[in-house]
Structure formats: structure tokens, C-alpha cells
Amino acid sequence: MTNIRKTHPLIKIVNHSFIDLPTPSNISAWWNFGSLLGLCLIIQILTGLFLAMHYTSDTMTAFSSVTHICRDVNYGWLIRYIHANGASMFFICLYLHVGRGLYYGSYTYFETWNIGVILLFTIMATAFMGYVLPWGQMSFWGATVITNLLSAIPYIGTNLVEWIWGGFSVDKATLTRFFAFHFILPFIIAALVMVHLLFFHETGSNNPSGLISDSDKVPFHPYFTIKDILGALLLTLSLMLLVLFSPDLLGDPDNYTPANPLNTPPHIKPEWYFLFAYAILRSIPNKLGGVLALVFSILILMLFPILHMSKQRGMMFRPLSQCLFWILAADLFTLTWIGGQPVEHPFIIIGQTASILYFTIILIILPLASMLENKLLKW
């Protein structure tokens, strides 16, 4: 009798995705982040579901409902902090996953890569709306500032902003719809993840060498299931260390003050994982220009397959490109730091320089370096 996992219509899909999947034998720990992102999504959906049972999306009671969750609900504080810091873990894994894709040339799988970029946008939108829900000072002003950016769109901008707000300012209608979207989007993300995996399993996994690995593949289970479980344990450990020892480390103290439209916080800034994009936005004095730079700073990822000039896939054997990649990584750290600083000298000029460097490396220097490497190898 044939094994049920190979014949049953439903179990067969799971088998081909997680058990008998042919996997390159040399993939490193950088390939762990896909499964860790799946784990993060599950954690966020489960904790979010329990938070939604006690949360009220009304401007009068939203802040106190979060307080109620932390004080009166059994382990409510734990669920709330796992959800808040789980988002940070999600973005750490996300950025490392994207970085791995850039370094090893995984973007040559067009469909998988483009779905991935769409996923990144969707997750960013979800995280932004989630940050608004506790209705603290930074929630309110963050929502006001970021939604206001849409008013830079010519002709329809103002109408669009008022339509999103559901009125003439960020108020009850805005909070209610943000809660509705924040609830539904993770399920849309889960569906997109399925599509991401579908395209990914069409081509199979890339590997650190960038070479075709058909002759050297092993079954996913038990080799990589064990490896993924180790990654999951390390992720859970680091998340729980963060949650139980310093849950507010990555948050903003201003968000413990209830939202007040009459009192603007001295420094309005988003969560740490958006600071690099926020720094790029602020580095351009023109409003529309800033918004375009902000969108393009993420959308630029879709251009990588077009900008790939090298005859080798990854950067494993390309020292010049490796060097530029790490300069780009350092530049993103600089932008993240600048995004959290006040708009004054010398931070303005540092932010502008880092923003120009970011786009220049990706659009000009990396493709030129790739062509030079081809030349040096007489290809």
C-alpha cells in the first residue's frame, strides 16, 4: 500500500512542500528566515486574535481597553507584548530574508521575488495600522503625518486623505477602519505567502554558490526540518527575552500618553523598522518628492532583476559587489539612526547624503561593478 502522505490530495501538497521537497544540501542558516517568517505570522495572528477579543476600536475607549488588557486580562500583558515585539522580530527576519535574496541573487526568480516585494508592502501597511490602534500620542500623530503624505498627490490628494480619514481629521472613523484592515490583512498576507511558496516550489531553492544544484539535493525532512526547528527555538528564545526583560525597549514612551489632537509630541517618528524609509522621506525638502522617494525606496527592490548585470548569480565569488552590498547595509543602518534623530544640523546633511548613496549604489554603482567583474573574468 502506498504511503498516505503521497496519495491523499491534501496531505500530498504538504508532503511536496515540507517533507519530500528536494533541497540543495549546501543551503546555510540564511535560508532559515523563510520558515521563521511563517512562524512570526502564526504568532502575530494568534496573539492578535486574542487581543481583538478585548480591544475596542473607539477613540474614547481604545487606550483604556489596551490598559485593561495589560492589567485585568489573564496574561494580557504577555499577549500584548508578544504581539508588539513579535512585529519587531517579524521585520528583523523580513529584512534579513530580503538581504539574503539580494546577496545570493534570489531575485532572478521573478515571480517569487515580485510577490515577496508585494508581501513586504502589505506587511508594512499592516504594521503601520497596528501602531495606530493603541491610540497613544505617537499612534495619533503618526497616523496624521503618514496619511497626510497622500495629500501630496496632485489634484486628488486632499480628497483622498479625507476619504481615508472618514472626516476632516484622524478620528473615530479612521480608528475603526484601521482596526478592520489590521484584522483582515494578515489573512491576505497568509494567502500571498501561499502564492509566494507556489512560485518558489516551481523553481526550487537557490543556494549559496548560485550554481545549479540538481545533482546534489536532499529531502527537506529530516535535514532541514531539524534545522528550521533550531531556528524557531532561537527566535522564540530571543522574542521571549525581549518580552520578559525589556518589553518597551523598542517602543516609544509617548505612546503611554493618550492621544491628544491639541498637543503635538516634540519628535514624531514611526517604529524603528520604518525609520530608514522615514529618513529618506525627510531628506527631500519637497513634499511630493519625499513621498515618491519613500515609495521608491521599497519599490526599487523590483528593479533588481533588471539591474542584474553580472554573469554570476550570487555575490559569493564577487568581492567588489560584496563590498558594495555591505556599504549598502551600513547605509541602511545610518538611515535608521537618522530617522530617529531631530531635524537639525548635522543630521539633515547626513540623512541627505545617506539617501543619495542608497539610490546611487543600487541604480548605478552595483550594475557598473558587476560589469567590471565580468570584464576582469574575461566573460
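Just so you know, glycine gets a Cβ as well, placed from its N, Cα and C.
Residues or ranges marked as transmembrane segment in Swiss-Prot: 33-53 (among others).
Annotated transmembrane segment per Swiss-Prot: 77-98 (among others), in sequence order. Sequence-distant contacts of the transmembrane segment (77-98) (same chain, at least 6 residues past either end, Cβ-Cβ under 8 Å): 30, 33-34, 36-37, 40-41, 43-44, 47-48, 50-51, 66, 69-71, 116, 120, 123, 127, 130, 235, 238-239, 242-243, 247, 250-251, 271-273, 301.
If you look up Swiss-Prot, you'll see HIS83, HIS182 marked as heme b b562 binding site. Around HIS182 (heme b b562 binding site), the same-chain residues six or more apart in sequence whose CB sits under 8 Å from its CB are GLY48, THR126, MET129, GLY130, LEU133, listed in sequence order.
Residues or ranges marked as heme b b566 binding site by Swiss-Prot: HIS97, HIS196. In three-state terms derived from DSSP, HIS196 (heme b b566 binding site) belongs to a helical segment. The Cβ neighbour count for HIS196 (heme b b566 binding site), using a 10 Å radius over every protein chain in view, is 21.
Annotation source Swiss-Prot lists transmembrane segment at 113-133 (among others), citing similarity to another entry.
For the transmembrane segment (178-198), the residues of the chain that approach it from at least six positions outside its boundaries are 17, 38, 41, 44-45, 48, 52, 55, 57, 112, 115-116, 118-119, 122-123, 125-126, 129-130, 132-133, 143, judged by C-beta separation under 8 angstroms. Here Swiss-Prot flags 178-198 (among others) as transmembrane segment, drawing on similarity to another entry.
Marked as ubiquinone binding site by Swiss-Prot: HIS201. Listed in sequence order, the residues of the same chain lying 6 or more apart from HIS201 (ubiquinone binding site) and placing their CB within less than 8 Å of its CB are HIS16, SER17, LEU21.
The transmembrane segment feature in Swiss-Prot is assigned to 226-246 (among others); the stated evidence is similarity to another entry.
Per Swiss-Prot, transmembrane segment is recorded for 288-308 (among others), and the stated evidence type is similarity to another entry.
Swiss-Prot lists 320-340 (among others) with the feature transmembrane segment, giving similarity to another entry as the kind of evidence.
The transmembrane segment annotation in Swiss-Prot covers 347-367 (among others). Residues 279-280, 282-284, 293, 296-297, 300, 303-304, 307-309, 321, 324-325, 327-328, 331-332, 334-335, 338-339, 341 of the same chain sit 6 or more residues outside the transmembrane segment (347-367) yet have a Cβ under 8 Å from a Cβ within it.
Each residue contributes its Cα atom, and for HIS97 (heme b b566 binding site) and HIS83 (heme b b562 binding site) those atoms are 20 Å apart.
Here HIS83 (heme b b562 binding site) is positioned 24 angstrom away from HIS196 (heme b b566 binding site), judged by their C-alpha atoms. Packing around HIS83 (heme b b562 binding site) is summarised by its Cβ count: 21 other Cβ atoms lie within 10 angstroms of its Cβ, all protein chains included.
If you look at the transmembrane segment (113-133), the same-chain residues 6 or more away from its ends with a CB under 8 A from one of its CBs are 55, 57, 62, 66, 87, 90-91, 94, 98, 101, 106-107, 139-140, 142-143, 146, 174-175, 178-179, 181-182, 185-186, 188-189, 192-193, 195-196, 199, 270-271, 273-274, 298-299, 301-302, 304-305.
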